[in-house]
Amino acid sequence: LTGVLDDCLCDIESIDDFNTFKIFPKIQKLQERDYFRYYKVNLKRPCPFWADDGHCSIKDCHVEPCPESKIPVGIKAGSSNKYSKAANNSKELEDCEQANKLGAVNSTLSNQSKEAFIDWARYDDSQDHFCELDDERSPDAQYVDLLLNPERYTGYKGPSAWRVWNSIYEENCFKPRSVYRPLNPLAPSRGGLGSVCPFSWTGLCLEKRVFYKLISGLHASINLHLCANYLLEETWGKPRWGPNVKEFTRRFDPAETKGEGPRRLKNLYFLYLIELRALSKVAPYFERAVVDLYTGNGHEDAESKALLLDIFRDTKSFHMHFDEKSMFAGDKKGAKSLKEEFRLHFKNISRIMDCVGCDKCRLWGKLQTQGLGTALKILFSEKEIQSLPENSPSKGFQLTRQEIVALVNAFGR
């Protein structure tokens with residue numbers, strides 16, 4: 001890929017250089033720190049749109065239970081669970097890691113981590129949040145260690161997986177008049193693969209183009225991670241993961257996708273720019289002394305915040321940001337209506353993630369959707385961020401830990 005991206009004054013080569021040499025090494029380090037590696041998620045919420053949950057039939061797609069002593073029942077603020085030291089011995093840890101392979105979500109947490117979460121939750125509860133997330137207080141919500149659950153191919157595919165993407169694109173996305181999606185067995189036939197209409201943005205305003213590109217970029221990101229970390233073979237119960245070039249070609253090569261593949265990849269760059277812009281905009285929120293990345297370990301918390309502020313400095317140094325001021329800038333009534341439509345579409349897409357049948361896929365789908373939702377929230381809260389009080393929590397703009405963790409890890413993807 002080369003050249004300038006549509007709808008922004010930025011070229012791909014500049015983004016590659018900036019990311020490779022400045023952002024990526026630092027964001028990788030940040031994702032490994034305790035504050036950012038644990039994400040609380042409810043993987044048991046029922047699909048709100050269709051009865052058949054399409055759960056993956058592969059045994060490793062769903063969560064394999066760990067030994068009882070390892071499972072967080074649902075870590076709630078103020079709970080006084082006591083854990084024995086014996087429960088954390090290495091033999092049980094090995095058994096647990098063995099049970100949680102492929103698509104299974106590894107819910108192993110050390111006792112130290114479990115006890116720390118109780119403190120973290122108390123600290124969070126003392127802050128006044130901008131919004132309350134349903135998942136966090138559900139007894140079904142559990143902390144997941146993202147480093148033990150990498151995003152990769154699990155064997156989840158076919159009509160069930162496509163039903164999710166079909167619902168996103170066909171029912172909840174502003175779409176160009178014709179977009180060729182050859183891998184979708186559910187897409188209505190247009191007279192065979194050879195007679196696809198040319199790509200056209202006719203009738204789509206900037207805001208709707210942006211929405212479509214963000215969803216397409218998210219889809220491209222997920223597909224890239226599946227191709228890059230693919231189950232190549234499993235011999236004697238030992239899986240070997242690595243890049244699957246054939247699968248990558250099938251999804252992105254111009255010849256295989258009627259020219260659509262490179263556009264999908266460009267949309268990934270566009271998504272990167274949007275989330276980069278959000279990080280640069282939210283910097284003042286974190287620069288205040290009143291905001292800590294609290295885990296209870298003062299030294300580590302200070303180091304985590306210093307690294308995050310360093311990343312913010314880099315994001316501000318990038319000279320070709322996407323300009324969100326051009327969005328929703330028409331007549332006030334029309335702009336407000338469009339913005340609400342935008343918000344509701346996105347909210348619906350986040351709910352569709354509860355229809356994903358593979359738990360590991362659902363985990364990363366929910367996390368990246370919430371990360372993008374947090375980025376959009378930031379971009380449309382500029383005035384509130386600029387008027388934040390220096391030494392007290394803000395009533396006008398607040399981020400929960402879930403939103404912060406989702407934003408950083410989604411951008412890291």
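Each Cβ is built from the backbone N, Cα and C atoms, and glycine gets one as well.
Please treat TrEMBL annotations as automatic predictions, because they have not gone through curation.
Only one of CYS227, CYS361 is recorded by TrEMBL as the disulfide partner of CYS358: CYS361. A gap of 17 Å separates the Cα atoms of SER216 (FAD binding site) and CYS361 (disulfide bond). Note: the Cα of ARG152 (FAD binding site) and the Cα of CYS361 (disulfide bond) are spaced 8 Å from each other. Counting only same-chain residues six or more apart in sequence, the Cβ atoms lying under 8 angstroms from the Cβ of HIS219 (FAD binding site) belong to TRP165, ARG264. Each residue contributes its Cα atom, and for CYS361 (disulfide bond) and THR154 (FAD binding site) those atoms are 8 Å apart. Between the farthest pair of Cα atoms in the FAD binding residues (ARG152, THR154, TRP165, SER216, HIS219, ARG251), the distance is 21 Å.
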